[in-house]
């Protein structure tokens, strides 16, 4: 149960490149040895060595901040296209701060445009000139990858005052201008940010302006019925306006929409846990079913139609269950991340048979802080941890020695990949401190955004296909 940031500090603008990636090298010279895959928690840096970002591992990678660090954020659906593959990209987000003083907090609604990147083949078709220098400056590499867009992303920001730190924030999928926030004051608030989003949409400025003045706005609803602050909150993907919120006292409240701006909030909470409710997820197929996870180590499946709504209780982990994610492309799959660094995948069809775990990973050694299934690939999940790693996994993969040998031959270099890495591990992203939350962009294949104590990263790994599959409708 790792929540708050340690000694939050307001980010300052500086032109210093963050250290990221998987290669280690001397800070004084280019290493003469082949590049080596860096294993956090296993490999150690020698004196004078530092981690450096391998830009070739990304189709796009940008860092930015909005001032105070944010524990939580959410992507906003937009009207720029349901499936976008061409750079430069534009994204809209909403985020809540954890400022040094309670009165300094706000909710930020922001637009990030001119996100540049590269379009390239996953494996080059030709070997190129053996005598050419390795690196992105090679003239041969220009034929294999194409830079799309240029310059730095443009950040446009609007801020609304929020009483206290924002523990978690979520935008309604069907109406993204409606946003719910969980505050450390013990209140759940629902906001209408349509005017701010419309202003950002209509703005054509090519200049960043992150120092926006904080405006005051009254929420649509301010609910104080929880007995303590909380972190768990989720909008229904099936019923517009339907919401659940859970607190640190083990209580869950159901919000039923009565109009576009009012809710009927159940006075009697759902109680099925013996400790703090950490996360909530609605079923992607059943409008009355949701899941909750808790510090008590359990996951509970709820059905609001039943007289006893706690339909099933699963002993999920030996430690606190911090986060869960319900797969919207394979609705029988539920992922969960624990305080002990493990994460598991369950097939909910197997609950009655006892053991529903179909995959369990112990790669991370520190608490899992966020987990989310890809909205485009049913077998792909992204995970962040307090070990400052963001990892991406494809559960459909198995080790294929013949394929690995063919790949090495085609690349004409020794990969030097550790043999003990799980074959399902697709990508490791580093460089952020105190990672808290990640989200995929539902309209841009392969794009992940993450938040940490030192700001946001937006990344598109080069080994994740971001083109539209040929058999897609």
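Cβ atoms here come from the backbone N, Cα and C positions, even for glycine.
Here is what TrEMBL says about this protein:
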REGION    1-36  region 'Disordered'
COMPBIAS  1-18  compositional bias 'Basic residues'
DOMAIN    49-115  domain 'Histone-binding protein RBBP4-like N-terminal'
REGION    121-153  region 'Disordered'
COMPBIAS  139-148  compositional bias 'Acidic residues'
REPEAT    270-312  repeat 'WD'
REPEAT    361-403  repeat 'WD'
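Within its own chain, the repeat 'WD' (361-403) has Cβ neighbours under 8 Å at 1-2, 40-41, 320, 322-330, 333, 335-345, 422-440, 442, 445-446, 448, 450, 452, 457, 459, 461, 464, counting only residues six or more beyond its boundaries. Counting residues per DSSP class in helix, strand and coil order gives 0 helix, 22 strand, 21 coil for the repeat 'WD' (270-312). Look at the domain 'Histone-binding protein RBBP4-like N-terminal' (49-115): DSSP puts its residues at 6 helix, 38 strand, 23 coil. In the predicted model, the repeat 'WD' (270-312) has a mean pLDDT of 97.
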